[in-house]
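Per TrEMBL, these features apply:
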type: DOMAIN; residues: 237-433; note: domain 'Major facilitator superfamily (MFS) profile'
type: TRANSMEM; residues: 26-44; note: transmembrane segment
type: TRANSMEM; residues: 64-86; note: transmembrane segment
type: TRANSMEM; residues: 98-117; note: transmembrane segment
type: TRANSMEM; residues: 123-146; note: transmembrane segment
type: TRANSMEM; residues: 158-181; note: transmembrane segment
type: TRANSMEM; residues: 187-206; note: transmembrane segment
type: TRANSMEM; residues: 238-257; note: transmembrane segment
type: TRANSMEM; residues: 277-296; note: transmembrane segment
type: TRANSMEM; residues: 308-327; note: transmembrane segment
type: TRANSMEM; residues: 333-350; note: transmembrane segment
type: TRANSMEM; residues: 371-391; note: transmembrane segment
type: TRANSMEM; residues: 397-419; note: transmembrane segment
Amino acid sequence: MAQNENVPEWHGTVLDSEQPKKPIKIGIATGIGALLWLGPYLGVNGVLLPAKVQQIIPNEKAQVVALLASAAMIAATLANIIIGGFSDITRSKFGRRTPWIIAGSVGSLLTLLWFNMVTTVPMMVVAWCSYQVCLNAIVAPLLAFLQDQVAPKNRGTISSIYAFGYVIGQYGGQVVGAQFLSHVGTGIVVMAFLTLLSGPIAAIIVREPSSLGMPKKHFTAGMVVQNFIFPLHQAKDFYLALFGKLLINTATTAIMGYQLYILSDYIQLNTGGQQKYISIINMMLMVTAIIMSITAGPVSDWMKSRKIPVFIAAFLVAVGVAFPMLSNNPWTMVVYGLLAGLGMGIFFAVDQALNLEVLPNPQTAAKDLGILNLANTGSQIIGPIVAAAIVTASHGSYFGIFPVCAGLALVGGIMILFVNEHRDVKVQEENAK
């Protein structure tokens, strides 16, 4: 049967020959989208959630934060795979990704407002996990815009633009969150409404074409394995990148997630001092990361390498997180902010370009990019678990967090060195057609 003339011809990806100009708007859309989901998420997860827990159950705050992180990790992992898989096969007038990022934005608003209202640990777990599901309905489809609408030759530049927004969200979210330490509930409400803007703004800028022309997929065993299961074939580089990135990110998020407690219990600052140094540290992280995210991308293109910059980034992070071992003076945390910011700026500049190079199959881009993005979002969850385990094992001491995180960063960087970054792009393009 001939294809309906009113339905546009379907193309899952863009070839180099089809995109002579760099699609800057895709970088802007994904960068703004990332800023508006990541910033509020980290403002809550890194500052306002621990503060809320401290208000409700101060004597078991570390354990409750770890419980919330553990439950959220499970919810986020399942949501990434399932929602990403459904996004890859969605046929609609508005495209494959747009319906999901809009629904995820609205859902994130509602569930975060719900989380703000609850006052018991069980309900906090339920509300926080619901929020994770909705948030990941934004994350996985948003990243897939890079695979769908950016030709391979332009992905380094567009990934750098995305990284600019991501870095501001990564560190700016906690700076904003710290301003609400005296009014935690108000802060969570503000973060909820900022998240609401993420999907709609990205969708308006991208104007994703219809996906009605995409062949309809029937649910068979093979289709389920391809679209809803972790990659099984030609995936060695995929998993090296996933776990290497996860370790590097966990090294920073373990400290970021517990920085309020590190400043209060290890550095021994009062509330005013905590607010001051959270702002200083995160501003340092943000400014240095922004500078490096702008410069590292072009350098990476010149080097024709992603893994070398990532290893350098991991080394800088390792040195930075080790600095507070020297003293419990606040200046050591500022140095951490400087070095870790430089490292993570380099990391974020090439992160998505590396992700796109290790995809096993572009036809399942949202699902696989969602899984790879667990190295970023998942580390926000795993980091506090690692930190809590260290604090518990050391009977309340926060000192052990620093050497462990330095080791994680170095091991992650070494894993990235084993990635084969010169994969045949033409094979990926042929698979996508």
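Every residue gets a Cβ built from N, Cα and C, even glycine.
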Practice item. Give me the stretch from 26-44, 277-296, 397-419 with the greatest number of Cβ pairs under 8 Å to the transmembrane segment (98-117). Key: 26-44
Check your understanding: In the same chain, which residue numbers or ranges, 6 or more beyond the ends of the transmembrane segment (277-296), come under 8 angstroms Cβ to Cβ?
Key -> 47, 160, 163-164, 166-168, 170-172, 174-175, 178-179, 259-260, 263, 267, 269, 309, 330, 333-334, 336-338, 340-346, 348-350
Study note, to complete from the structure: Stretch winning on C-beta pairs under 8 A with the transmembrane segment (123-146) (pool: 26-44, 64-86, 158-181, 187-206) is 64-86
Check your understanding: Looking at the transmembrane segment (158-181) and the transmembrane segment (64-86), are there 3+ C-beta pairs under 8 A, with each pair at least 6 apart in sequence?
Key -> no
Revision key, fill the gap. In the domain 'Major facilitator superfamily (MFS) profile' (237-433), averaged pLDDT is 84
